[in-house]
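Novice: Below is the structure I would like to discuss, written out as structure tokens.
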Amino acid sequence: MSLLAVERLNKAFGGVVAAHDVSFAVERGEMLALIGPNGAGKSTVFNMIGGQLPPDRGAVLLEDKAITLASPQERFRQGIGRTFQIAQAFHSMTVCENVQMALISHHRESRAIWTEARQHHRRDALDLLSQVGMAEAADRSCSVLAYGDVKRVELAIALAGEPKLLLMDEPTAGMAFRERAALMDLTHSIARTRRIGILFTEHDMDVVFGHASRILVLLRGEIIAAGSPAEIRENAQVRQAYLGNAPALTGAP
Amino acid sequence: MDLSFVAIQALNGLASASSLFITACGLTLVFGVTRIVNFAHGSLYMVGAFTAATLVPWMLELWFGPVSFWLGIVISALIVGLLGVVIEVLLLRRIYGAPELFQLLATFGIVLVLQDLVVQIFGPQDILGPRAPGLRAPVEILGRRFPSYELVLIAAGPAVLAAVWFVLRKTRFGTLIRAATQDREMVAALGVNQALLFTGTLFLGAFLAGLGGALQIPRVAANTGMDLSIIAECFVVTVVGGMGSVPGAFLAALIIGQLQAFGILIFPKSTLVVVFLLMAVVLAIRPYGFFGRPEILGGTHAVGIASRKPMARGTLLATIGIVLLACLPLIGDPYLLKVATEILVFALFAFSLQLLIGVGGLVSFGHAAFFGLGAYGSALTVKWLGAPMEAAFPAGLLLAALGAALIGAFVVRLSGIYLAMMTLAAAQILYAIAFQWVEVTGGDNGIVGVWPSNWVAGRSAYYLLTLALTVITVLFLKKIIESPFGYALRAARDSEPRAEAIGIAVRQQRWLAFILAGAGAGIAGSLYAFSRGSVDPSLLGIPTSVDALTMLLLGGIQTIAGPLAGSAVLHILRDQIMPLTSLWRLFLGLSIIGMVLVFPRGLVGTIRQWGEDRA
């Protein structure tokens, strides 16, 4: 049983086909990269799995359970966490409160009115923050953080729901080069130790080839290739269609 | 009901649809380009009517004939167009980037200013304009007489639509308007002179408002109440049609015209209710109206409450404050106590709104609905059940909470400017019901004889009761703001996608917030009813909603103590200004505008900013 199974997803906007019979699976503990040129349909596929967009046809199954039309809230309860292309955090709160908020929701306490939110799960939140290396900033306002740090906080928020699957839309977009590798190393080790499956899209090919366990290549709404980084690098179709006639990519060390 | 009657009603509907469209078209054009919902659009309509009702007779005296009449109408509209230019250059230009809440409030400031200016220039009495030369005799349609002027009006709507279509499609100015409606940033990036485009759009929009008003003069007397009644209808038309869409406005105006014409047969007294119900239904199905698009949103969100360290000795200071307030009756001045009671009531009212705006980011423009429901709930219980105050208070609270549950259920599906319009519309429905259902609510006169029980009949006792209930409610609401519930509400305000992705049921959370805020406002309303001994429809009116917003803004929406300070300042200002001058609306309007421009963080927020800057 795969962690996530995507079966023949289809989506069209007007006459434009954004996804055509997209099928793939994500296993526990693996990092699966979804790549493709701009307009290939990555975000569409991603948002159909995240629950922001209903598919025209097809199914999304999490541990064999259909969640095709479930809302983002329900998906969170089923064990899907996500980060956004443009990092989304609660800017009026402190770093720690951001994670506490996610823990409050995870424990279904967001209707409580007699207790103070600040007192809920602070220890657990600090724990998660130290995992992403942000414990020192716990009591700073999220609005003053550098963008790369917001991305780390976002990762801690996503982990607060104890997800089985983590969706990361362009996890390193907008980050400095050095930060990128650090964030992906961190994500990678979390995926391994917690046995979380990670599906991510990414533009930075160093990140993709350096960190993905497998790669899916999407072109005009269809998956044209799937395999290990080495296989994808050698795939003639991918090089022709996606990379054009550019020289072969060199993988990250 | 025979055929001829149906035909006449349909024609009546078409005539009012035309008038409505001409005015609403200007509003929607201005919104499309500037993204500002111009509250003062109805005031421009009113100025158009007054100008024409004064100018046209004068022109007819110079030379009697249809040419003078129609020329007078067009000149009046042009004058209003120029007024629009003045407003754009002096005010709107400075607030294009401001949060939508501030934009709405600033343009409401213009409404107040123009109300007083119109009275100063044209006098307080209604002015009925002359009938159009050549169109005085009615025509006969299916054996019934029908005013021929109405036929001209029916033609005027499509004519204006055609003219606007021509301008939008065939002129460079129109191309720019359409481009700006689609993507304002791109138009700016292409090096278009934005200032000129915006000023031009305001001229066109104001011209249409003036034309709509001027065309009314043979039908309705120009009067000082027409600004708020037309703006409410225009909001409905633009929202139902989709904000920024001219064809949408036309379609919506047609439907609303017919609904009014035939709705009068079903609900003879509540045509307004029918119209607003249409809006509720359309928005429930299509949250952006017929032809609106989700991308079209107003200004940015206002910055609300944020986490900060608990103030040192905050509890101590609050306790001292409450004790001092409780000692106020020792001074024993009855007038002071009356004012203090009202300040507390309005502070509570504004504070309940803080939960929606400051915490939830939900810009409710109809908070008077819940204040009024609380007041009427209590008053009706006293009047019809003969209940004592102790039973009437819970009844008011319950009615307000129920109303909030009902209104909130519609409203939480919306966001931004649509939410503001919908809450405003909901409050107007209630206003219309209170106004028109005379047998139950007493209509315009309201309900009198709503007096407190004997044990709190004295001024001091009632003041202390108000203080106690206000303190309890404020503490309760403050607790909610600090609770997981309040944090989740704030989370949804900060980032809706993030809140959903961590499993927060955003709509339900907001719906509950509406109920809590509504109940809080209901308590304030009940307290107010018993302090005055009466209720009337004005408690549900737009000015009451704006009062709450002004206090909130004055105090600062990012602070918890803000609404309390705002209520006190506004009340004292009013008490000081009102006896001195008949122009208090002008001063209030200018103060609101000044506040938006100078103190966008409010008084408490600004003071705290100074403190933080020095620290």
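For all residues, glycine too, the Cβ spot is worked out from N, Cα and C.
Whatever TrEMBL says is automated annotation, not expert-curated.
Worth saying up front: this structure is predicted, and the values here are computed from it rather than measured.
Okay, these came from TrEMBL:
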type: TRANSMEM; residues: B:44-64; note: transmembrane segment
type: TRANSMEM; residues: B:70-92; note: transmembrane segment
type: TRANSMEM; residues: B:104-123; note: transmembrane segment
type: TRANSMEM; residues: B:188-210; note: transmembrane segment
type: TRANSMEM; residues: B:230-259; note: transmembrane segment
type: TRANSMEM; residues: B:271-291; note: transmembrane segment
type: TRANSMEM; residues: B:311-331; note: transmembrane segment
type: TRANSMEM; residues: B:391-412; note: transmembrane segment
type: TRANSMEM; residues: B:419-440; note: transmembrane segment
type: TRANSMEM; residues: B:511-531; note: transmembrane segment
type: TRANSMEM; residues: B:551-573; note: transmembrane segment
type: TRANSMEM; residues: B:585-604; note: transmembrane segment
Novice: By Cβ distance under 8 Å, which residues at least 6 away from the ends of the transmembrane segment (B:44-64) in the same chain are close to it?
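Specialist: Result: 23, 26, 71-73, 75-77, 79-80, 83-84, 114, 118, 121-122, 127-130, 133, 206, 209-217, 220-222, 224, 226-227, 230-231.
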Novice: Other than its close neighbours in sequence, what residues sit by the transmembrane segment (B:391-412), given a CB gap under 8 Å and a spacing of at least six beyond its ends?
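Specialist: Counting only partners 6 or more residues beyond its ends, the transmembrane segment (B:391-412) has Cβ contacts under 8 Å with 280, 283-284, 362, 364, 366, 369-371, 373-382, 385, 419, 422-423, 426, 430, 450, 507, 510-511, 513-515, 517-519, 521-523, 525-526, 529-530.
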Novice: Below 8 Å between Cβ atoms, which of the listed ranges B:188-210, B:419-440, B:511-531 makes the most pairs with the transmembrane segment (B:271-291)?
Specialist: B:419-440
Novice: Under 8 Å for C-beta pairs, could you tell me which stretch among B:104-123, B:188-210, B:511-531, B:551-573 has the largest tally with the transmembrane segment (B:70-92)?
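Specialist: Most contacts with the transmembrane segment (B:70-92): B:188-210.
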Novice: Near the transmembrane segment (B:419-440), which residues from the same chain, at least 6 beyond its ends, have a CB less than 8 A from one of its CBs?
Specialist: 37, 100-101, 104, 232, 235-236, 239, 269-270, 272-273, 276-277, 279-280, 283, 298, 362-369, 372-373, 376, 380, 384, 403, 407, 410-411, 446, 536-537, 540-542, 545
Novice: Take the transmembrane segment (B:551-573) and find every residue of the same chain, 6 or more past its ends, with a Cβ under 8 Å from one of its Cβ atoms.
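Specialist: Those are 101-102, 105, 302-306, 339, 342-344, 346-347, 349-351, 353-354, 357-358, 474, 478, 481, 588, 591-592, 595-596, 599, 601-606, 608, in sequence order.
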